Structure formats: structure tokens, C-alpha cells
Amino acid sequence: MILTSVLGSGPRSGSSLWPLLGSSLSLRVRSTSATDTHHVELARERSKTVTSFYNQSAIDVVAEKPSVRLTPTMMLYSGRSQDGSHLLKSGRYLQQELPVRIAHRIKGFRSLPFIIGCNPTILHVHELYIRAFQKLTDFPPIKDQADEAQYCQLVRQLLDDHKDVVTLLAEGLRESRKHIEDEKLVRYFLDKTLTSRLGIRMLATHHLALHEDKPDFVGIICTRLSPKKIIEKWVDFARRLCEHKYGNAPRVRINGHVAARFPFIPMPLDYILPELLKNAMRATMESHLDTPYNVPDVVITIANNDVDLIIRISDRGGGIAHKDLDRVMDYHFTTAEASTQDPRISPLFGHLDMHSGGQSGPMHGFGFGLPTSRAYAEYLGGSLQLQSLQGIGTDVYLRLRHIDGREESFRI
């Protein structure tokens, strides 16, 4: 039974569902003080969300529309105009596209089994999407630059509102783990939700970045990206985490096409590389606990060709056990021992939204890292594959398609 079939078309007096939904769908207002005035406004907004939760007709209509995905080449060569008309064109595209993509994801939440969909954390994320849909569809058509500037403010707000969605989904599904009977359904839901989120954030961030005049960039697209430099940035990040946890970190050697430069979008690399590097360093340190200050290097090889970019990360961390190899790409599987660390205090996925900066955090956690990285790579027309020699180490191959237009590319 799915969530919508149980919820029906609207709340009824005395319905037993209200206690189940709990505090996420209720807010008491007791006074008219300055603080409570804010609570009144929040209550009104959440009341609208609840109404929309039960009145899905507008969402259903939009969810039937197909998504219009752009190639990076289209984004790169859309050009700039002195009068700012490119910003209006981009803003109008977003205004049409974002509600469609969000409606598709709301439909995905409604397809979840009832017991999972009613988990308070999952329900909170569902509510975030409904609220975003409301705000986007309530915004009047963009007619001029003043409208576009207001729309940018809304987009920034929504990006901030949704910055913790990955962590919340991981937490909610971990809480619901014992109720999951169909692993394939959950994997499909997560693949779709996480890659859709990546696409939305790329498009939204690209539009905001079009307002900036940054050398070698058109929006979020770097016209002369150096794989070596972006790898070095995340090597430094991963080594700091590793040193904080283990007191030392493996050295990293980078070889191959180290001088390569080409147009590319750094954002997916900023999402995937930290996870792969943390895995390699953790495996290396934990397989050499007797000699923590004498550990083998992690070796990264860059291979650039006319079709794609390949990054191989090789470690001597003992490899992956045969019994685990088929499961490492499954959501919520992790080779790390269970930890009592509260994920809300130190979220594993902070780096996915570029908010971790230099802070230290856990070297392992929910078991979302590899499957999320795989989903992102496949969404971008590439792949993520592992070759493991148990007792020796692991090679991870990240393959991403070029965006220069010479070969067929992916769509965002």
C-alpha cells in the first residue's frame, strides 16, 4: 500500500493519521508576542503545505509534464549578452523546469510503501519538496530583470532549505531499514531522488553563477578545468580528515595526463572525489594499524581522451572481502563497524553541499558514499567501477564524459 492510497484526498475529523504525522504537521500558537508572530507565519506556511499534501491535483498535473534536460554544451555556448537577456532566458527556463522536476520527485515520495513514507524524517523531506513546489509555482512570471533578481533570491533560499536532504534521507531510511522489503524499489527511489537533486542544484547554481564574472568560467562550467588541481584540492581535504582520525595519512601520488585541461563542470567531481579518497585512505590506514607511520601511498592516475576522462584511484588497503564485494554499491551497506555517533552532530554528507570546508568529520558513516557516487557518475553519462584484490588493495575507476560537444554528452 502506498502513502497516497492511505491518506486519501484529505484529512478527516478524528482521523487517526494526525498522531502519526506528529509535530511535523502541527504547530500551536499561544500568544501575539514578537516570537509568536514568527510562529504564526510559520504555522500559516505549514498549513498551506498540509493543504497541498492532501490536495495533490496541481502537483499531479505538473508531474505529467516531461523534463527538458539541457546538455552542458547548450549551457556553455548559450552566450552572454550586454543587456542581460541571457539571464532572463535562463530564469524563464528554470521557472518552467524546476516545478516539473520537483513534482516528479513528490510523485516518487508518494510511491514509497506507507510505513516508510510515514517515517517522520522521510515525511519532513517530502514536505520540503511540497513547500518548494508551492513557492516556485506561486512566483509570478519573470518579465524583467527585477523579477529575475527576486527569483534568484527564491532559488538561493530553496538551495539552502534543501542542503541537508541527503543526510535526512540517509537517516530516515536507516530508521526504516527493518521495514524495507523491496531493496530494488528503495534503490530506484534513491537513485532518482539523488540524481534529480544533483541536476536541480547544477541548473540552479549555474543560473546564479551566470551573474558572476569569474575567469575561465561560464556559470558553473570551467572552460579550462585541470583534473590534477581539483584532485589535489580534495586530496588535501581527505588527508586532513584522515590525520584527525588516525594521526597520519597516506601520501598521494598523481600521474598520467597531469597537464590536461578541458571544459568541464567541477561540481560532480567535488561530490565524488572526496568520498573515493576518504575510502582509499581509511582502508590504507586500517590495514596498517601496526605501522601507522609507514603506510603505502595512494596512487591516482589521470587518463584523458577524446571521449571521456578517467580517474583511477589505487590503494594498498587490503582490498574488499569477497563476501562484501557485491554489496559495496548498495545503499546503507558499510564495511565500517557500527558507530554510536549521532549523524545530526557530524553529518557524513556535509561535503556534498560544499559546507564542510576544512572541518574534520567521520571517515565513514551511513554507507551512502559509493552508491551515491555511482548514481552521480551514471547520471553524467559515465560509470564508477571497482576492481579489488583481497589481501592487496582496490582500484576504483571513475569515468565521466567530456562536454566539449565533439562526442555525444549527457543531459542535466
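The backbone N, Cα and C atoms fix where each Cβ goes, and this holds for glycine too.
Taken verbatim from Swiss-Prot:
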TRANSIT   1-30  transit peptide
MOD_RES   SER31  phosphoserine
DOMAIN    159-404  domain 'Histidine kinase'
MOD_RES   LYS192  N6-acetyllysine
MOD_RES   LYS233  N6-acetyllysine
BINDING   ASN279, ASP315, THR334, THR335, HIS364, GLY367, LEU370  ATP binding site
BINDING   ASN279  Mg(2+) binding site
BINDING   VAL328, ASP330, PHE333, GLY367  K(+) binding site
MOD_RES   SER356  phosphoserine
MOD_RES   SER360  phosphoserine
Here the binding-site residues are ASP315, ASP330; the one whose Cβ sees the most other Cβ atoms within 10 Å is ASP315
Of LYS192, LYS233, VAL328, ASP330, i.e. the recorded positions, those within 10 Å of GLY367 (ATP binding site) when Cα atoms are compared:
VAL328, ASP330
Close recorded positions near ASP330 (K(+) binding site), where close means Cα within 10 Å, chosen from LYS192, LYS233, ASN279, ASP315, LEU370
LEU370
Test of understanding: give the count of other CB atoms lying within 10 angstroms of the CB of VAL328 (K(+) binding site).
20
Out of LYS192, LYS233, VAL328, which of these recorded positions is nearest ASP315 (ATP binding site) by C-alpha distance?
VAL328
Helix, strand or coil at VAL328 (K(+) binding site), per DSSP?
coil
So, in DSSP terms, is GLY367 (ATP binding site) helix, strand, or coil?
coil
Taking the Cβ of LYS192 (N6-acetyllysine) as reference, which residues of that chain separated by at least 6 in sequence fall under 8 Å from it?
HIS104, ARG105, GLY108
Round to a whole number and give the Cα-to-Cα distance in Å for the pair LYS233 (N6-acetyllysine) and LEU370 (ATP binding site).
20
Cα of VAL328 (K(+) binding site) to Cα of ASN279 (ATP binding site), in Å and rounded, measures 11
If H, G and I count as helix, E and B as strand, and all else as coil, what does DSSP give for ASN279 (ATP binding site)?
helix
Averaged pLDDT score, the domain 'Histidine kinase' (159-404)
87
